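Here's what TrEMBL has on this protein:
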ACT_SITE  C67  active site
ACT_SITE  H102  active site
ACT_SITE  S119  active site
COMPBIAS  235-249  compositional bias 'Basic and acidic residues'
REGION    197-263  region 'Disordered'
Amino acid sequence: QIPIPSVPAFQPSTPIPERLEAVQRYIRELQYNHTGTQFFEIKKSRPLTGLMDLAKEMTKEALPIKCLEAVILGIYLTNNMTTLDRFPISFKTHFSGNYFRHIVLGVNFGGRYGALGISRREELMYKAPVFRTLSELIFDFEEAYRRCWHTLKKVKLGHCVSHDPHSVEQIEWKHSILDLDKLTREDFRKELERHARDMRLKIGKGTGPPSPTKDRKKDVSSPQRGQASPHRRNSRGDRRPSGEKKPTDSKAMPDLNGYQIRV
């Protein structure tokens, strides 16, 4: 019989860095999926609560996983670490005429950055939270790619993920998209630090990322909303949170999909 890895359990006194090591050890014990078949279907547009249900299923099945599944699992296993900030980091690289994509879960604890994840390469997954800035962390990944003969082309950074496992919010996967072919080295560093500053400001305004509705009202200039013309939500990704009344007016209204924040 193949042994099933045990989901890590922590004492309240266990330091966060030790917890992160245990979470990464568990992810590594599941092993990287080399079969060519993805065992778990992950739709990035699903609300956080649905993705957490999927992560729970991963712990029960204990099947090999790939990088995106490791990110979802990392969020699930760190939800009770409320002093830890988590955000997705995606990489696009070029090697031998082909493009490759990879994703890890960035973490920030006590002002120090690190990462959780899984990869075929040991140096492209776990990073202990020892980096003083976000740019130092990303440059470390870039150097690791360089040692694998890959050229880093793009970096996509998301905002911090809510610690509420029942949240109906969607994960913001790509708040900042940085194209290294269009940025100087110094501009790349500045953009990374700008994103880190944006995350700190967003967290400082509340206990977690604001809901999509609040975010839209605050950051986007939307058409004037009248009592007789409520906004219509067409996409599945824009489902209203539970408890919000469904509008009764079925007249054609502006589509809010175009008002999602893109940088």
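Backbone N, Cα and C define each Cβ position, glycine as well.
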Cβ neighbours of C67 (active site) where a neighbour is any other Cβ within 10 Å: 21
Distance from H102 (active site) back to C67 (active site), taken between C-alpha atoms, in Å: 7
Candidates H102, S119: member of the active-site residues with the richest Cβ shell (10 Å): H102
Euclidean distance between Cα atoms of H102 (active site) and S119 (active site), Å: 8
